[in-house]
Structure formats: structure tokens, C-alpha cells
């Protein structure tokens, strides 16, 4: 025991001596002896004690907890005894360094020689633990990295290299000497990071001393030294751990990906083999056939092969160096005149893009999956094979690319989430141990109190573990820290400590349980640390403050030591002024999640005392609320109360080490609290005093009054509004800069800049005066403002000297000041900030990876790139690896997802295998894993709640107050004017506001149901007045604000309520709502009850509330916290709302009523609104009179027509027809006269039909209903467009410009289909709900991008021009020939030179946005970057890589502008999805986790039913075959053969030898024969049942097709496609095998996720198709005649509908949109010809840039950013659901297995089995349902109901077994009823049965019968014995008479008298009457039947089985 109870302070450290070693060996021997006895005990089944575990806070490389105090100086670096009890029986010792880091060593001999006491080993240990040693190694690594990054190192670096090797060798030697080599724990090679060091050193020596030929390859391994940084920095180790974990998790996804890619690659191989070599070759004439020479254009080639392989004979694609591909099918690319399509030369892209063999096809598919440059492959393939193969690409892109790549994201995100959960679990574990420790110490304390020991005077560790070091020590430590400047003075900064388990863990424990911060007061009561007090919600005590503690620490402590720092009273020095809020408080109970540097999310500050975050219950068991009756007289009432127990128990300490472990747990938290307390004093006291003396200016009264005046102005909301407007204006001014500005304009901008700089400087100055510098600089925003102002002033000063555009760009940061008043931007910056914080370590890891790969690339490939130098100019290609910067750029480009083109270059210079390896490694590790981890982090720190209801701060409210004031002013003016006008006409009614002011209204809380005030009746526009105006705060009126403001109880969140409003108001519930309105009286008076308003009015009010700003979130929160507001309960209907969304009534009930009402009322509504009728009384029609009656009848008829389902079907048909007609209006329409005429007539017809439909609906529904429905509005507008164009055509204005552009709007017709298709409507609803959030993010994106755009304009405006010689193509001239624009124009004598600009440039902010969009989507970004990098100056000729480091601008933009902001779209959409789900799927929210489990199990259970198995044939041979076919092994064999067949197909290549073709054909025949055999055998065995299985039908079809294909292969191949495709389809059968393999669970989960996603994905696909359709119609109307260049050519263009669809499908993934936009940006010569005549009568092949840019950017935002991200959101969502399902205890497969086994026991599918076979059945099941034998007792205990014939129903068994797996739960019974109903519905055939008994009751009956029998036998025996004894005595002559006989009549007497010679009593037979026999069973039952019946029924209804516990011995008897 003594070993474990370590005293406090220095005495806890003992030197490690030989005695210590001997003690350890002794303990080891004892443990071994104990081990043999425990083994014996475990064999006997006795419980084992829990194995000890190492302590988390005493792990190696952690910091020693403060509990142990500071080790004395002489023990630093010396071997000490291990503090962790876990190692007490292991040979280890620890060493501490100055930083108190723990190093653990093995106490065995190192290298067999050096004992722990050997001087050499001691010296090595001292060196190893020294912090300088670590720093030396770190510096060496970094220096080494710098040297490695040199691309052409000078010769002397060789010696530096030797130095590095020497240092690394020294490091390893020290480690080996100190630790030992590898035999024991904690030795050198036991740490995996040391393997890295070891291999690096071995490599270094190998390359030096052994000549291995290619040394550079081996030398590249030196780069792994960079990884050593990871082993040195502990934080990096954890993140690498997470990465490795996620890679492990990726195994399943990888397998699935490889499988899918293989299947697609096989399909590609079969479809496109050899196609990509088809080229347009110049026509030739074959000369004499003998030698095969050919002639073309007067030149002769010796053979056809030579001719075909000569690149000169191929046609090049327009304006590029690519060869034009073609194909021989009808819809493939064609060749122009003079060329023919032949298979010649190599494949495109240096021969690397092809489907000629499986490997190349696989690479092509991988490229397609990662979507790198896939549009090129798509265009090449479609051109050579045909447009129909777009379907193949759609499949691969949607299934392969979107699904698989996002699965990787989902898996990585889940791995990250799991790691987070693990951290939280670890923290909870600590918390548990902490509580144990507290309990234990409390017990000890109680025991000592009882014994009368003076606990107060003791200061040992036992009494005061929470105050480890005495106050002097701590004070000096703090002073030391302050003097060294390590204490941070930042605002609101959480302390970081070296110990990861210390304060960082504190972040996870949500200790900050906010009690009302306003009422925090210090308590003076002191007591021991274990005194417990009654906690009242209004009080919080402080930490013990060392400085003020008079009696020293030993005397006592403050009671609330565990209350964390953010909730403590701020010390006097740091008391915030009334003007500023104290930092660090958790406001409004919002949980703020912070992310620490490891990316671990921690929850800080929960205002809710019942916070649900892990660790929130930390203090509950410790700070007990003591019952009042335990207060002893000695204690003052209300003071702290002692927790005493009647029987003090210290048994917690009996177990060795338990107390030590407990104390260690306490230490984890206390050391954290210690540091938190210290960090509260942010600055040293002297600094504080200095600051308060000189930075708070309160000198004289005059100054104070000036200050007050300034403060009044500066703090006024209007000032804030003015400043915000200035920021916006300033931003606008900066955005107005552009290329070619006039001097006046430039001057205006400069003056503007001066003015704004002045305004902001003044603002800062006045704020400093008003607030004093001390308080001014305590707010983050103020610091930010001041920095920007200072930079602006610096820029003004320096701009005179030089043109520093760098400083100008700092002005752009002013844009961020908007974040103060724009919550979304603020939140977004916080998210990025959080992520950057979290990503700190991850970024480092990524940087290391990038560095390593860049150096590897440079070392391996650098030298080879010199071969690629341009022969003329001697320039390298843009992308090379000759130096580190370029190598870095290539790696960065790969991380952006572009790897294939740089890899082709690499393969050209360095060979294929190495390049493939390196590039694919970077791609997989960097892009797919690390970047996805980034994204996972981003998504985890993202929550839509932030974006929709952001945190409020004072400034923002100020802005809204200002706006509210302006509104109030306007309202006042308006009201005054109105009153004045009305006053002249009539008396005005009293205003409600006035009433409220006089106190006449019951409450100031106006509910959304309160009737509109009378004013609104007069003036509809001012109806807004009834609701709370934007920006107003209840009770927060500005000074001098006379009237209180009425507010709704809860204001709905904008994004959700808009959604609801949309659904209620516009998406199809209109008919019902109208019917409901019909049945309710319409009343607008103030006395109308709330419910009297119609539904549309309700929704109108809801929509108006939805507009109310988010500023009310604060108040809502307050409302939530207050128990009841006065006056709230006075109106029964308007109860106080708890949440932020106020439900007016129960919406569910409302919705339920609607259909019923709809059935009663089939009448139309009123035509006009009440307002219309009031103004125009003629609108009101009297339906009782004659004309009105007819009108009413007509309306009813129309109503019935419109409501009829056939009408709707007809309209849908017409919509589809009219949309289809639009697709024919292409470029060839003029040539097809008949079609044109037909379309014109059709167009008129459609217009008439739609106009008629509209008129019918007007008459039927009335204007009011028609025009309150969004979908009807859409129809109305589209019909209007058709009508206008029809009228214009009739009047002959068809050719007018505006009419033409209006005609293009007909493309919107398909939108009408949206409201008609349910699936699409769901998706659109979700989208409409997401629009507010999406717009928010889009706006923030634009702000972010604005900064980069303005910076781009500053850097590149006017620099993207170049002088080009037309005759030499588009290459710019050398700058030595032409230097600038003016020279170019002066040299342009022939008209061949001209000055041109890159089309997408930075000449103004708008153009900059387009350029940035291209960079962000990585399309077209190369040209922009090249132009930027080559730019020299304003209007100067570019020079190759003149401005090389401009690449950095793009790198930074890609990281922040593309990576963060574009991925936020995914975040928003995912979150929105979750919100929609919460709103729609009610059950999930109201179910506990436990209930969900049951619910899911039941859902699966109910959908199944027992099926009849296929009967085994009676024929002997058939039966034998049947047995073989139904075995699992047979299936597996067939699968194996299928895979083998695939392998043989993979072997095929293009141009294979005849022998190979022959062999493969034979193998194929063999497989066809085998599969045909399988089919025949199965048919024979299964007979007609064969066709009951869908897989069998599938197989049958494939076999038939294979046979047909083999027989007719030549014909099919000639006219259709390769029949081998059928065999590829057979791969689908692999899906079957996954069910059989239990191990493939992960892959099953992934496929299950896909299956779950399919319905939703289909809907999204439909929506996407609709968008594509509309855009392709627009494209045909606007871009049909643009010039063919860049991405537009003869196949990919907007001339026909099909071609437009090809283009738009390509852009859906944003691929190649720059190429399509490029020709549209042409505006005139020399790029295009505006005079060129077109077929439709128009002229020119120029584009319209504005329309083009709008067209492409909107399409990309809609498809690429929104719709495709919805796809991703659904996959992520379903993946998490599927994973949850797979981790549930019971899966679908378990139920399948149950029924499969059931079939064997119930072959007739009766749904019953006999009770006798139940035991066998339970044993035959697989886990987890299986109950292994012996299982009788368990089965009996289940109390299964039985029917007559002792049969049990399958549902009952399955339910009982499920219950056993999931455990007992209260919800089971309700679910059981639900399940039975479901089962009955699914199986109507289920025999209705009445159970007559249950298994348990049957057992009870059997046991009862046996007990009764035994008792009766015993009773008979006793009586017989008595009688026998009587007879014996009588015979012995004891003089006993007959009367004394115990049995004178009855059975015993009779039998006895029979057996004995002498009869007893008279031999008369009458004595043996029937009654003398024991009563028969029947008679008893009859007599007591009632009684029994009651008990029986009671029993049968008994819920609790525990009422009838079967005793164990009874059971044993029964078994016997």
C-alpha cells in the first residue's frame, strides 16, 4: 500500500535504484504466482477482476500533471521510479525533462550490456530528454529540407549531406544507447516512427558506400526525412493517425471502386477498342498493286503502312495541333471532302488515351471518375464511336464519378467523426474516473471526520489533491511565465498546454454550465474542499484566489473549485466597462463549438443547465444538493453542509493503486483548471496597472463632458448605419477601377479614397476618445478597424514615393468590415477561421506531403525534362519539375484534380511506370484522402443554423435599430399625412398602438393570430404594421421612443417558414384550402376569434412574419428562458411558443381536416378578394337571381372539368408535346418547309389550348385563388409569352428584335411540367427551401471574390494584351521584336500584325469575376494564369514567365476562393436537407435512439413472410441434382467461373495475333457451354420453379443471348455491336455473391446506400434533365450560328437539340465550359465575320458576350453547384443511414436467414411450427438470433403463445427472439401490436388464431401437476404410515379399538384391509362409497372452475414474467 500512496510534492519522485529494480522483480514474481491461481479461478467460472490499464495522463511524451508538483532540479534527466501503478510489475523507469515531459524507458539492459545504472546509458538518457536535442534535430530536418529543395546543388553540398547523415546517426545512436535496440517494450525499434529514421540512415550509408547504379532513385528516399517532422511534433502524430484510420476505412470503398471501374473498363474495352485510332487521312491513289506504293498530291510512298503512319497526311482539328478523329457509324464524326476515315497511326495524347487494352481502358475510366479533362476523352470517343455512347458516359459520370468519389468523402468524414467521438469518449472516461476519485476521497474525508481528525489543518495530498503546489510556488511560476512573455494578452483566448490530455480535454468537458451570469456574487463561506453546498441557481463561487488567501492554502479552499473560468466573476483589474460585454461568457445558451489544433471539435459554454453535451453532468454527483434534514447544529444554515454517511467506509483504498489512479484522474482536470485560472490574468499585473493608468483618460470634468458628447454620437445607431454605408460606397469605388480609365475618373477615385480614409480615421479617433484606448482595444472589430486605418494612412504616405499596389490591396480588407453588420459573412469568416484553426495540423501534414512529392518529382524526373526544351526558343514546357517551385506547382495542380496532362508529359520524358506510380499516389493520397479530410472538417464546422440564425452582437442590433428608427419616422410621416387627409373627411378610429400605450390591451405580445387593426381595412398596403418591424427589439427601444412595440410570439426562421408557406400557399394544397375557406365565415373585425381567419390569410401572415429579421433570435431565446410572460396566458389560443417557430394551430390536425372538407365541398370559391368587392361592388354577383345562377352553374361546370383527372392528363400531354415541338426549331428548320409549317400550326394550337386552360381555371377557381398560387403564376406568364408572340406574328411584327427575344422565352414551357410531376416537385420544394441559404452563401462568395477581383484588376488590368502575327497562327511575337501596343500598331503595315487581348481578363471587376469563376472551376484557368505569369507591364508585349511568382495569387485564390467557398454550397445544401427531413419526417424527432432501433427492426420484420421452399423432386436423379444446385458451394463455383470469364475478356487487346484470337474464341465457347450447362441443370432440378427467381431469368436471358451472339457473331458485329457486351452484363451476378459472403458487409452497406439513394437520385436526374432541356432550347435560339472554334465544332455545338444536349451534359460537371464560351465572346473581326449570311436570314457568326456569360454562369451555378451538390448531399445522407443500419444489432439479412431456416421446419408455409421442434429451430439459426442448446429454459421463459396442437406462430417466435437481441424495453408492446397489424396486412392469409396457452404457462401447468402429485403422494404415504403403525400396534395387542383407527373408510383403509389378513371394520361394501375416493380431477375443476378461471385470465394477461419465476431446482427436475 505504501508504494501507491505517494505524498505530495517532491517526495513523489524517487530515484530509480537497484533496490527499485529488485522491488519490481519481486512484484513480478508475486503477480506470476497470482496469475496461476486466477487461471484456476477462471476455469471454475469465478469472476475475474478487471485488468489494470495504463493511465491516460501518465503516458509517454505527455506532460506530467501538476498534481505531482515540480520535480527538484537534481532529479531532472535522472531515472525515476514509474509513477503509473500499471507499470509497477514491469521493468520500466521514467525520466522527466525541464518541460516535465514524461519519457519512459525499459529497465532491462540495453544492447545486453548497458544496465540502467551504467554511466554511458545515463549520459545518453540525459542527452535524449534534453529539449535542445529535440530542437537540434528539428532544425537539422528543416535545413536538410531546404538543401533537398535545390534543383541544381553546388558540389560542396555533398559535405553538408555528410553532416546531416552524421547528425541523424548520432541521434539514432543516442536513442539506441538510451533505450535499447528492439527486444523489450519502449526500446528503439518498438516505436514505428523510429523505423523511418533507421531506414533513412541505412539508405544514406548504402548509397554512399555501395555502387547501386541508379543512385538518384535511391537518393529520393532521403526526402522521407521530412516525415521525421511528424515524429517530432506530437500533434501531427494524431492527425496522421486519423489519416491512417480513414485509409483503413476506405478499404471497402476502394474494393468497390476498383470493381466498378473494372466493369466499366471492360465495357469500354468491348465498345471502343481501336476506335480512337480512326483519323481523317488525305485521299490517295494506289499505284501498281505489286509493291503496294501509294501516291498523294504528287508524292509517292513506298507502302500503304508508311503512308498511314506519316502525320503529314492527317487532318488537324481547327486551330489546334490535335488530329481530327472520325468514325464509321452513322452518328460518329465525319471527314471533309478530300479525306477518308481510316485506322492509322497511334492513339491521341502521345498514344496514352485509348481503350485498346484493359490497362489503358482502366486508366481512362479512372480519369473519367476523377473528372480530369474528361470532356476531351468524351469528345474523342463520341467523335470516333457515335453520339449514342453519351449514355455510357452518363452512367460512368453519375454512378462512377459522383457516387464513388463522394463515397470516399463520406467515409473520410465518418472516420473523422468517429475519431471525434473517441476523443469525447476518452474525456467521459476521465470524467468517470474523476468522479470515482472524488467519491473515494470524500469517503476518506468522512471517515477522518468521524474519527475526529482535524482535516482542516492537514495539507497533505490526501486532503488537498486539487491544490497541488503551494501558493508561493505557483505565484513564482506565474511570475516566471510573465517575465518570459509566454502569457498571452490576446482577447478571449483559450489556453493551450503541452499536455494534450490537460486543458485541451477541458474543452470537451462542457463544464461551462452557464448559470445566470447577472446574479453571480462571490461567497465568503469557506470550508474544506469536500464540503458540499446547496446550489442555488443565482449564485456561483469563485476560484480560490492565491493573492487574497490570507491563511494560506492549507487552511481552506473556496467551495466551488470546479466552476470553470468563463463563468467566474471577472477580477477587479479586468472589470469590463458597462459599455462592453465581458468576453468569454456563453451567451444565450448557444453552444459554441470550437475546434482545437487537432481538428477536434469541442463544445464550450452551454447556457442550458441540463446541457446534453458529453461531460455536462460532470459536477452533478459531486456537488450534491443536500437534503435539509442532514444539517447539523454546528453548521450555519445556508452555509456549506458536510456530506456525512452513517457508516463511513474507506474500502475504496483496499485495492492497491486504486486511490493513486483516482487521484491521477482528478489531476487531469485540476491541472486544466489550474492553467485556466492562471490564464485569466491575461496580462502581467504591472502591465495592467500601466494600462489602467495611461490608457483610461479621465482627467478633468471638461474632458469628461466632451467624452460623453462624443460617446453619444459615436455609439448612436445612425453612426453605425452611416459607417456601413461608407464601407459599401468605398467598396463600390474600389470596384469601379478599370482598364483605360479617363484621368478625370481616376482623379475622382483618388479623391474618394482620401475622403473615405478620412471618414474611417475620424471614426477611429472619435471611438478612441469615447471609449478610452483601454476599452477600445479590447474589442476585436476595433483592433481590425485600427489596423486597416493605419495601413490606409501608410499607403497614402507611400503612394507619393512608389506605386505600391500591395498596400492598395490592404484597403480591400475594409470589405470585411461589412461582416460586423452582415451576420452571414461574419459566420462564414468564423467557419473559415475555425476550419483553419482545426486544419492547422492537417495543413502541416498536407504541406509535408506536397513538399515530399515535389522533391521526389524533382529528384526523379527533373533532369529528364530538359529533353522537352523547345528546339527554337530553348524554353522548357510550362509544367516541368526542373526546380522546386515548378515541381510544387505540378503537385498543387494534381491536388486541384488535374493530373492527367502533366502525367502524359512526364511519361514522355521519364517512362510510364514510375510516372504512373508517383502521379496516382499524389492523386489518391493528396486529393482523395487528405483533401476529403479537409472537406470533412469544413462540413463539421459548418452548420446551417449558423447561416440562418446567426449570433447577434451589439453593433448589428445598432444597425437594425437605426433602420427601425427610419421606418418609424417614415411611418409617422405617412400616418400624419393620412390622418390629416382622413380628418378632413371623417372621424378617425383610435390606434391600437395608442391603446397599448394607455394599457388597454391585455398584453404587448401580439400573436400572429391577432386580428389586423382597423387601419389595415382602409389601407391594405400598411398591413405590415401589425407585425414587428424589421430591426426593432422589444423593450430595447431607443431613448425617447414613446410607444411600446407589439411583437409576435415567435418569428419563424426565414428558410423554413418560406418553405412551409410555399408548400401551403402554392404547391398543390390550394384546392383544399379553398374548400376550407368556403366553410368558414370570413371576418376581419377585431372581435373575430383567432380561428375565424381563413387559411390563406394565416399563410399570408406567416409569410409576412417570415420576412422579420433574424435579430429577434436574441429575444426569442430570452423568451424561451423566462417561465411565463405576463399576460401570456390570457388568450387561450395563443399559448407561449417555446421554439423559434410558432405553430398557429396544430398544423397536422389542420392538414388532416382538409381532405375531409374537400369531400363535402365541391364548389368554387369567390372570384375576387374582399378588397376588390369592397371597392367595386359590381364584382359581387348575386347567385340567387337568374343571371347570377347561370354564372354560378357555369363556374361549377368549369370547376368539375378542371378538377377532373383526365383534364390534368390532357394538359400534361399538351405540355410535353409543346416542349417537344421546341426541340425541332433548329438550324435546319428553314430547309424543312413542311415541318416549319406544321410547327407554326402546332404552336398556335398549343397557345389556344393553354389560353383556354387558363380561362377555364379563372372561371373555376376565381382570380383570388388562381393568382395566389405560385405555380399558376408560372403558367400564366408562360401562356402570356406565347400569346404575345402569336399576336405579333399575326400583326407581322415577328422579325422585331424584342419579339424575337420574347420568343426564346417559350423555352420555359417545360417548367410547367414541374408542378405536375410529384418527384420533381419534391426536389424543387427542397430547393426552394434552400434558396435563402444558397443566396446567402452566393452573396458571401461574391464578396470574397470581389476582393480577389479588385486585386486582380490592380495587378493585371491592361497587361493581358499581346501582338500577334496572323500568318503564323496565334503565337505572340517575341518581345524583343515588338515591345508594346503602340509599336505593334505602327508595324501593322500589311494588316497581318494586330494587338489582341486574352478574352477572359482582369480589365474590370466584372471581367475579373468571370476569370475567377474559370479559375475556381479549373476550366480555362491555364490561359489566364499563363497570361498573368507572362505579363510585363501596362500594354506591353508579354515575356515567358517574366512574372513567375504571380502563380501564388492564383494558389491563394484557389485555396480560399474555390476550396472554401464552393464547398460551402455542399454544406448549405446538406444542412438544408436535414432541416427538410426534420420538418417532414416527424417520427424521427420524437423517437429516442432506443425506440429507433426497435422501430427499424420492426420495419424490416414486418415486410417479410415465410415462403414455401421449392419442393425437392421425387425422382432420384432429379433429387440428386437438386441437392447439388441448392448448395451454396455451387453458387460460389459459378461466381468463380464468371470472374474467370472476365479475366479472359481482360486479356483481349486491339491488334492481337491470329493465334490469340483463336485461343480466346475457344475459351469463350467453353464458357458459353459451361453457363448453358448450368442453365440446363438448374432447369432440370428446379423445373418450373426455376423462373420464380429473377436472377435465374436474368441468367437465362444472358445464356440465350450468348448462344445467339456466338452463332450469329459475324452478322451482329457487322450491323450492331460486339456481342461480348452480353458477357459483361453477366458481371451483375456478382451482386448475388455479396449476399452469401458475410465478410463483404462493408461493400453491402455501400451498395445498400446506393439502392436507398436511387429514388431520390432519379428525381434529381429528372430535374437536371429539365434544366438541360430548357437551356438547350435557349442555346439553340441564341448560339446556333457562332463560329466553330475552341470547344465548338461540327459535333459539339448549339445547332440542333441533340448537339446542345451533348454540350450541356458535358458542362454539368463544369467540364470544358470555357471552350464553349470562348467563341461566344467574339464580337468582331478578326475573330469573326459579322456579315456572314445565315440560313434563317440573320447575319454573322459572332456571339453575344453578355448573353453567353449569363447563360453559362447561371447554368453552372444551377447544375454544377446546386443540383449536383444535392446529389452529393443525398449520397452522404444515405451512406450515414446505411452505416447506421449495418451497425444495428439486427439487419435485413438476419430476418432473411430466419425465414430461410423457417422454410426447412415449415415446408408447407403454414406459418406455424410444433413446440417440440422449437429447440432445434432456435439452435439452427445463425447469430445473433440463435439460441444454442441447451435452450429449453430460455425458450420457456419467453412465454410464447401456443395454439391447439401445440403449435407456435412464426411472428411470435421472431418477435421474442428480436426482443432477446435488443433487450427489454417499455416500447416493445406498442410495437408488437403495430407489427402484428402490419403482418396481417402483408399476409391476409394468416390464420386468425386464438392462443390457448403459452410455453411458460404450459411449463407452469406441468410443474404444478407434478408438485400436486408429489404432495398428494407424500400425504398418502403419511396417512398410510399412520394407519400401518396403528395396525401394527393393534396386532401387538395394545388394546386399540376400531374407533381409534386413523383410517376407518376410504382408499387407504380398503387397501390395507385387503393386504392384511384381518379386515378392519365391517366387510360391507357400502362402506366404500364413491365419496371416499379422493375427488376426481373433473369434480375439482367443476367445483372451483370460477376461481381457476379468474386466476388463469389474470395470469394470461400478466405482463411481468418475474411474477412466476421458475425455481432452478424445479427446472432441473423438469429436464430430468
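A Cβ is built for glycine as well, from the same backbone N, Cα and C atoms used for every other residue.
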Labelled transmembrane segment by Swiss-Prot, one stretch among 250-272, 273-295, 296-318. Can you tell me which?
250-272
Which range of 1204-1225, 1358-1379, 1424-1445 is transmembrane segment, per Swiss-Prot:
1204-1225
In Swiss-Prot, which of these is labelled phosphoserine: 484, 581, 1083?
484
Looking at 1380, 1774, 1955, which is the one Swiss-Prot tags with N-linked glycosylation site?
1380
Please count the residues of the topological domain 'Extracellular' (1548-1558) that DSSP assigns to helix (H, G, I), strand (E, B) and coil.
5 helix, 0 strand, 6 coil
DSSP residue counts for the topological domain 'Extracellular' (1680-1697), split into helix, strand and coil:
1 helix, 0 strand, 17 coil
I need to check the long-range neighbours of the topological domain 'Extracellular' (1548-1558): which residues 6 or more away from its ends have a CB within less than 8 Å of a CB in the stretch?
269, 273-274, 277, 354, 356-358
Looking only at the topological domain 'Extracellular' (1613-1619), what is the mean pLDDT?
62
Using DSSP, how many residues of the topological domain 'Extracellular' (738-746) fall into helix, strand and coil, respectively?
4 helix, 1 strand, 4 coil
When secondary structure is assigned with DSSP, how many helix, strand and coil residues does the topological domain 'Extracellular' (1423-1445) contain?
10 helix, 1 strand, 12 coil
